[in-house]
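Trainee: So Swiss-Prot says this about it:
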- 82, 84, 86: Mg(2+) binding site (BINDING)
- 83, 99, 106: Zn(2+) binding site (BINDING)
């Protein structure tokens, strides 16, 4: 479970039966929660090696770099692991917005349906499909 590295104890993330771990992206300055996604080992390794957030899309069944299409990258400054080692936080600098709907955070709606954020971009313009 743990690997020793000098004076540090390296943590081995516990991926679920599908090889995934939930990842919360959190703004490193404001501490706002930006999004929840999933990562496999390859995504975590790429995040560590490149410094940019990578995730695994469960709906598309593929690895993806946050912002690869929109340009709204997440520069990862630190990766935190919870006490059970089965959830991760990426502390990030978010370029523009995290949510594909155009909001800074994917958590822009309250349970009663009211919107608590401001749309930062038009998704129809950013995600134009080439014909």
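Placed from the backbone N, Cα and C atoms, the Cβ positions cover glycine too.
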Trainee: Give me the CA-CA distance between residue 86 (Mg(2+) binding site) and residue 99 (Zn(2+) binding site), in Å, as a whole number.
Mentor: 24
Trainee: Return the residues near residue 99 (Zn(2+) binding site), defined as same-chain residues 6+ apart in sequence whose C-beta is under 8 angstroms from its C-beta, sorted by sequence, else 'none'.
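Mentor: Correct list: 34, 35, 105, 106, 108.
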Trainee: By a simple count of other Cβ atoms within 10 Å, which of 83, 106, the binding-site residues in the record, is least packed?
Mentor: 83
Trainee: Can you list, in sequence order, the residues of the same chain other than 82, 84, 86 whose CB lies within 8 Å of the CB centroid of the Mg(2+) site?
Mentor: 14, 81, 83, 85, 87
Trainee: Counting only residues 6+ away in sequence within the same chain, which have a CB under 8 Å from the CB of residue 82 (Mg(2+) binding site)?
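Mentor: Spatial neighbours, sequence-distant, of residue 82 (Mg(2+) binding site): 88, 89.
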Trainee: Of all the binding-site residues here, 84, 86, which one's CB has the most other CB atoms within 10 A?
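Mentor: The largest 10 Å Cβ neighbour count belongs to 86.
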